[in-house]
Amino acid sequence: MASITNILAPVENELDLLTKNLKKLVGSGHPILSAASEHLFSASGKRPRPAIVLLISKATMENEIITSRHRRLAEITEIIHTASLVHDDILDESDVRRGIPTVHSDFGTKIAILAGDFLFAQSSWYLANLESLEVVKLISKVITDFAEGEIRRGLNQFKVDLTLEEYLEKSFYKTASLLAASSKAAALLSHVDLTVANDLYNYGRHLGLAFQIVDDILDFTSSTEELGKPSCSDLKKGNLTAPVLFALEQNSELIPLIQRQFSEPKDFEYTLQIVEETKAIEKTRELAMEHAQVAIQCLENLPPSSSKEALKLITKYVLERLY
């Protein structure tokens, strides 16, 4: 498997610059907010979302030369993503993410809420200054989608008749919406044909769904240390993901366990056993592969380039995280 560092080589310099710029962009006059923001962007990671924005920007520009507006869009994408994580961690009562303390565990819930709101507000300001109404419409809808996803997740906890379609819709709102919108936005800033821009929206959509589905598999198959957060955390809170939905199709014994919210001894352990013994993980892996393959097909209209190849490799890398 190619390392993510090698895959992102075409935008390595741009990502280095982005990392330096992020702390400057979210600087606040208030020392606590500044400290919280710096804490957020000090976390290590390859920042796949802005990397994809930068790769699409290069793949859609002549000679792969991108503009300052493309770079700013990549920064906005990461700021919005980070803001959503701050609020997610509060709602999930998570103390760690990527192996480091969350903002609310270090600074308290009030500061964390304000920090998340502040990041959303900052992203809106920088978004408006891109001076592209179409891009503003695309990206601003993402913030609405985040809220929609959280509402749906809250309303559907321990819902044993949740459909796969409902699960995928929630996954789109919470994960894939930002990737889809920012992918298309990068193309629009390159002034490409609308057909190509829509293809790239669908690339981001299906890649985002594949990424979320893989994450939901890893929640069952990886350790807390590997995940950087507690394993099986979604199931414990009643958030039924694809592995559980497929297991429910094959074994109805799961229904009473989930309906009583794992309140009796061994309920949770028996649920994990059923998920493992059915073909639920295998079927979920196939679902992720389907979305990844569609994502790759959406790149067909792009001209040959190293950035296009990197976009394909990212899609394959998402699946290879399972092995």
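Cβ from N, Cα, C; glycine included.
For Arg49 (isopentenyl diphosphate binding site), the Cβ neighbour count at a 10 Å cut-off comes to 21, with all displayed protein chains included. What Swiss-Prot lists as isopentenyl diphosphate binding site is Lys46, Arg49, His81, Arg98.
The annotation Mg(2+) 2 binding site is assigned in Swiss-Prot to Asp88, Asp92 on the grounds of similarity to another entry. Within 10 Å of the C-beta of Asp88 (Mg(2+) 2 binding site) there are 18 other C-beta atoms, taking all protein chains into account.
Taken from Swiss-Prot, the feature Mg(2+) 1 binding site covers Asp88, Asp92, and the record attributes it to similarity to another entry.
Annotated all-trans-polyprenyl diphosphate binding site per Swiss-Prot: Arg97, Lys174, Thr175, Gln212, in sequence order, evidence recorded as similarity to another entry. DSSP assigns Arg97 (all-trans-polyprenyl diphosphate binding site) to a strand in the three-state reduction.
Listed in chain order, the extra residues whose Cβ falls within 8 Å of the Cβ center of the all-trans-polyprenyl diphosphate site residues Arg97, Lys174, Thr175, Gln212 are Asp88, Ser171, Phe211, Asp215. Pairwise Cα distances among Arg97, Lys174, Thr175, Gln212, which the record gives as the binders of all-trans-polyprenyl diphosphate, peak at 17 Å.
Residues near Lys46 (isopentenyl diphosphate binding site) in space but far in sequence (CB under 8 A, at least 6 apart, same chain), listed by position: Ile4, Thr5, Leu8, Leu15.
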